[in-house]
Amino acid sequence: MFGVTKFTNIILKNMKMPIFILFIFLELIVSSCKNKKEIKENNPIYSKIDFNFLLPLSKTGQIIHHKYYTLSYSEKDEQAEWVAYWLNRKDIVYIKYKRPHFVNDPMVEEESANWKNYISSGYERGHLCPAGDRKFSKEAFEETFYTSNIAPQKKKFIPFKL
C-alpha cells in the first residue's frame, strides 16, 4: 500500500508542471480566438462579458441575441441551426405562468416560421430553449414562445406539457 501511495505522489508532483503549461496554452488559444467586434447584448447581467467565443459557428450568419438566449437562424429552412443559453441553479424555479401563444420573432430578418405550419402535420412545436428553463421571469418565459425557437417534434418525445 505504501508503494502505491508513494508512486502516486511522484506522478502527481511530476504532472503539475505539464498541466500548468497545458492550462496556459489553452488560455492563450481561447483569448486569441475571441471575436474583436463589439456586440450589444440585451441581457444586462452578461453585457460586459464577450461570450461569443463560446457559441458554435453559424452557417447562415444570422445570429440573434435575445435577452435570455441566443440562436442562429436559417431563413431558407425557417429553422434555428442552434440555440444557446445560460442555465444556473437559481434559474430553476417552479412558477406557474399562463402559456402564451407562439408569435413570429421580431428579430428575424425576413420572417420566422409560422406556428400554423404545425396544424395537422403530425408534429408538435418543440422548444429549443425550453420554456421550463426560463421561468425565473415572465419576460424570459414568454421570450421562448417565438417561432424561431421551435422545431418539429413528434408528440411521443414530449415528456410533459407546461
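Glycine too: its Cβ is placed from the backbone N, Cα and C atoms.
All TrEMBL annotations are machine predictions without curation.
Sequence annotations record features per position, and here TrEMBL assigns active site, proton acceptor to HIS127. According to TrEMBL, the feature domain 'DNA/RNA non-specific endonuclease/pyrophosphatase/phosphodiesterase' maps to 56-157.
Over all protein chains present, the Cβ of HIS127 (active site, proton acceptor) has 19 other Cβ atoms lying within 10 Å. Per-residue pLDDT, averaged across the domain 'DNA/RNA non-specific endonuclease/pyrophosphatase/phosphodiesterase' (56-157), gives 84. Classification of HIS127 (active site, proton acceptor) by DSSP places it within a strand. Across the domain 'DNA/RNA non-specific endonuclease/pyrophosphatase/phosphodiesterase' (56-157), DSSP assigns 23 helix, 24 strand, 55 coil.
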